[in-house]
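Reviewing the structure listed below.
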Amino acid sequence: MASKSWLNFLVFLCGSAIGFFLCSQLLSILLREEAAIQPNMLHNDPHARHSDDNGHSHLKGQMNFNADSSQHKDENIDVAENLYQKVKILCWVMTSPQNLEKKAKHVKATWAQRCNKVLFMSSEENQDFPTVGLKTKEGREQLYWKTIKAFQYVHDHYLEDADWFMKADDDTYVIVDNLRWLLSKYNPEQPIYFGRRFKPYVKQGYMSGGAGYVLSKEALRRFVNAFKTEKCTHSSSIEDLALGRCMEIINVEAGDSRDTIGKETFHPFVPEHHLIKGYLPKTFWYWNYNYYPPIEGPGCCSDIAVSFHYVDGTTMYELEYLVYHLRPYGYLYRYQPALPENILKEINQVNRKEDTKIKLGNP
């Protein structure tokens, strides 16, 4: 009897050890898969858009890639300058007191310089940075409150200073010049907004908060007025989804932000997550959320991409260099989408000499 009990005990121990080993191996595989996506993301929550700061102790201060412009003094930027005047964009960046030095200052040193006007929105005012104090609390549950108050502030103080109003996070990188091309085809008095379009929960879809989204002037008017008339309320702490529901209620169209050949321009992750096949497992929420069929690999992203998300300070400068400085010698751009005729005509009037005439458009 004693030997049988001892045998049962040994079987139990062996079974427990094997079970523990298999569970630990499975957990390790799952954790590695999650870490491969983004170590600092809340992976199972498509609306968790702010990553934790990685420290980046080597990044002591902000850099200015445009300080030494001697290499680019003869660069022809007539088109970009004309669009800067014709398509005026106010950018507001959602940040927090603890992220001014870790994140927001790198946005300020890079892409934000190309907005016609930029504002940093925080829970507290900081006159040195500076930030607009929205007098809210911090935390994920406050994101929609901050968004509502930020758009109200922009509407009350800067409505006539821009045509379009872009919201971005402090870990979003935006190629503002490409955004201007996208918006140049539209009238800011049209009730419409653009971003990375997701499909669940809202009939017309809604725009991913992390990839950023941009409202027309009329969309901004309607959004602010909807809270005055109580057509919309603070119905959820999930900022992008709640804003999307409000937009549908007030008949603001969810626009198609893809380029002329159907490639996406707004991206909710860093480039590598979209460009490398298999980086995002098929069980990941992303594949079920896209309004348009998503593509992975080199075909994922437009040549005139507008935004990427979860971009840390170091990567901000890497993207700034790759987008605005690195050039392959001897190549002309293969994909040059057309400009609206009225803008193209004005540019060519400025460039009267035949050798400097700008020819833009698909062949």
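Glycine too: its Cβ is placed from the backbone N, Cα and C atoms.
Within the list Ser57, Ser69, Ser235, the entry that Swiss-Prot describes as phosphoserine is Ser235. Summary of the site annotation: Swiss-Prot records UDP binding at Met94, Glu138, Gly139, Arg140, Lys146, His309, Tyr310. Screening the candidates Asp78, Asp161, Asp163, Asp169 against this entry identifies Asp169 as the one listed for that site. Largest Cα to Cα distance within the recorded UDP binders Met94, Glu138, Gly139, Arg140, Lys146, Asp169, His309, Tyr310: about 20 Å as a whole number. There are 24 other Cβ atoms within 10 Å of the Cβ belonging to Asp169 (UDP binding site). In this structure, the C-alpha atom of Cys115 (disulfide bond) lies 27 angstrom from that of Gly139 (UDP binding site). Cβ-based crowding with a 10 Å cutoff singles out Tyr310 as the top-ranked of the binding-site residues Trp285, Tyr310.
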